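Peer 1: Look at Swiss-Prot and you will find Asp31, Asp33, Ser35, Glu42 tagged as Ca(2+) 1 binding site. Per Swiss-Prot, the feature Ca(2+) 2 binding site maps to Asp63, Asp65, Asn67, Glu69, Glu74; the stated evidence is sequence analysis. Per Swiss-Prot, Ca(2+) 3 binding site is recorded for Asp100, Asp102, Asp104, Tyr106, Glu111. The Ca(2+) 4 binding site feature in Swiss-Prot is assigned to Asp141, Asp143, Asp145, Lys147, Glu152. The domain 'EF-hand 1' annotation in Swiss-Prot covers 18-46 and is backed by sequence analysis. Residues annotated as domain 'EF-hand 2' in Swiss-Prot, with sequence analysis given as evidence: 50-85. Annotation source Swiss-Prot lists domain 'EF-hand 3' at 87-122, citing sequence analysis. Sequence annotations record features per position, and here Swiss-Prot assigns domain 'EF-hand 4' to 128-163.
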Amino acid sequence: MGNETSLPMDMCSNFDADEIRRLGKRFRKLDLDNSGALSIDEFMSLPELQQNPLVQRVIDIFDADGNGEVDFKEFIQGVSQFSVRGDKLSKLRFAFRIYDMDNDGYISNGELFQVLKMMVGNNLKDTQLQQIVDKTICFADKDEDGKISFDEFCSVVGNTDIHKKMVVDV
């Protein structure tokens, strides 16, 4: 599969050629059926994602064309956001997209509830979770439109070091 060598280097600006080769090897190991793309099951074999309750959202974001699989180009572009050389804004945008499930540029009350539900499972009653969601929206929603924009999201989490935790070794 010569796919990884035909990628334009500007697309992978957070990785050098050596890292791309290593990622290519890793991708081929994960691609158990040699289809040239990772299914959800193949993607789930990544140790970094196995215990992550948001794995489906990560896959949805990596799967840029929405065909249900992650090809090598999508894999590189997705993982690139977690490079140590990735910038803070890109990492914050990725984190925002985890919550922005319908990709409309806003985190609605319902979206925040769904994502938090993925994280807490049944550890909280839905009424308790809804209270947390409502308080979070009230706190972050500076223009009082009932939803959280990317700028509002950044003003809340941008001062944290979350972007420093969004790193994978290649």
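In case you wondered, yes, glycine gets a Cβ from its N, Cα and C as well.
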Peer 1: Counting a contact as 3 or more Cβ pairs under 8 Å, with residues at least 6 apart in sequence, do the domain 'EF-hand 3' (87-122) and the domain 'EF-hand 1' (18-46) touch?
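Peer 2: Contact between the domain 'EF-hand 1' (18-46) and the domain 'EF-hand 3' (87-122): absent, because fewer than 3 Cβ pairs are under 8 Å.
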Peer 1: Could you count the residues of the domain 'EF-hand 3' (87-122) that DSSP puts in helix, in strand and in coil?
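Peer 2: Reading the DSSP string over the domain 'EF-hand 3' (87-122) gives 24 helix, 2 strand, 10 coil.
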Peer 1: So of all those binding-site residues, Asp31, Ser35, Asp63, which one's Cα sits nearest to Asp141 (Ca(2+) 4 binding site)?
Peer 2: Asp63
Peer 1: Count the Cβ atoms, other than its own, that fall within 10 Å of the Cβ of Asp104 (Ca(2+) 3 binding site), considering every protein chain shown.
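Peer 2: The answer is 10 other Cβ atoms.
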Peer 1: Kindly report the helix/strand/coil residue split of the domain 'EF-hand 2' (50-85) according to DSSP, in that order.
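Peer 2: Across the domain 'EF-hand 2' (50-85), DSSP assigns the residues as follows: 18 helix, 2 strand, 16 coil.
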Peer 1: Show, in sequence order, which residues other than Asp141, Asp143, Asp145, Lys147, Glu152 on the same chain lie with their Cβ within 8 Å of the centre of the Cβ atoms of the Ca(2+) 4 site.
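Peer 2: For the Ca(2+) 4 site, the extra neighbours are Tyr106, Ile137, Ala140, Lys142, Glu144, Gly146, Ile148, Ser149.
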Peer 1: Hey, which of the binding-site residues Asp65, Asp100, Asp141 is the loneliest by Cβ count within 10 Å?
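Peer 2: With the binding-site residues Asp65, Asp100, Asp141, fewest surrounding Cβ atoms within 10 Å: Asp65.
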Peer 1: Look up Glu42 (Ca(2+) 1 binding site) in the DSSP assignment and report helix, strand or coil.
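Peer 2: Where Glu42 (Ca(2+) 1 binding site) sits, the three-state DSSP reduction gives helix.
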Peer 1: What subset of the binding-site residues Asp33, Asp104, Tyr106 lies within 10 angstroms of Lys147 (Ca(2+) 4 binding site) at the C-alpha level?
Peer 2: Tyr106
Peer 1: Which number gives the other C-beta atoms within 10 angstroms of the C-beta of Tyr106 (Ca(2+) 3 binding site), all protein chains shown included?
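Peer 2: Excluding its own Cβ, the number within 10 Å is 19.
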Peer 1: Tally of helix, strand and coil residues over the domain 'EF-hand 4' (128-163) according to DSSP?
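Peer 2: Result for the domain 'EF-hand 4' (128-163), in helix, strand, coil order: 23 helix, 2 strand, 11 coil.
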Peer 1: Please identify, from the binding-site residues Glu74, Asp145, the residue with the sparsest Cβ neighbourhood, meaning fewest other Cβ atoms within 10 angstroms.
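Peer 2: Least crowded of the binding-site residues Glu74, Asp145, by Cβ count within 10 Å, is Asp145.
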Peer 1: Looking only at C-alpha atoms, tell me how far Asp31 (Ca(2+) 1 binding site) is from Asp104 (Ca(2+) 3 binding site), rounded to the nearest Å.
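Peer 2: It is 31 Å, counting Cα to Cα.
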Peer 1: Taking the centroid of the Cβ atoms of Asp63, Asp65, Asn67, Glu69, Glu74 as the Ca(2+) 2 site, which other residues of that chain lie with their Cβ within 8 Å of it, listed in sequence order?
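Peer 2: Not counting the recorded site residues, we get Ala37, Phe62, Ala64, Gly66, Gly68, Val70, Asp71.
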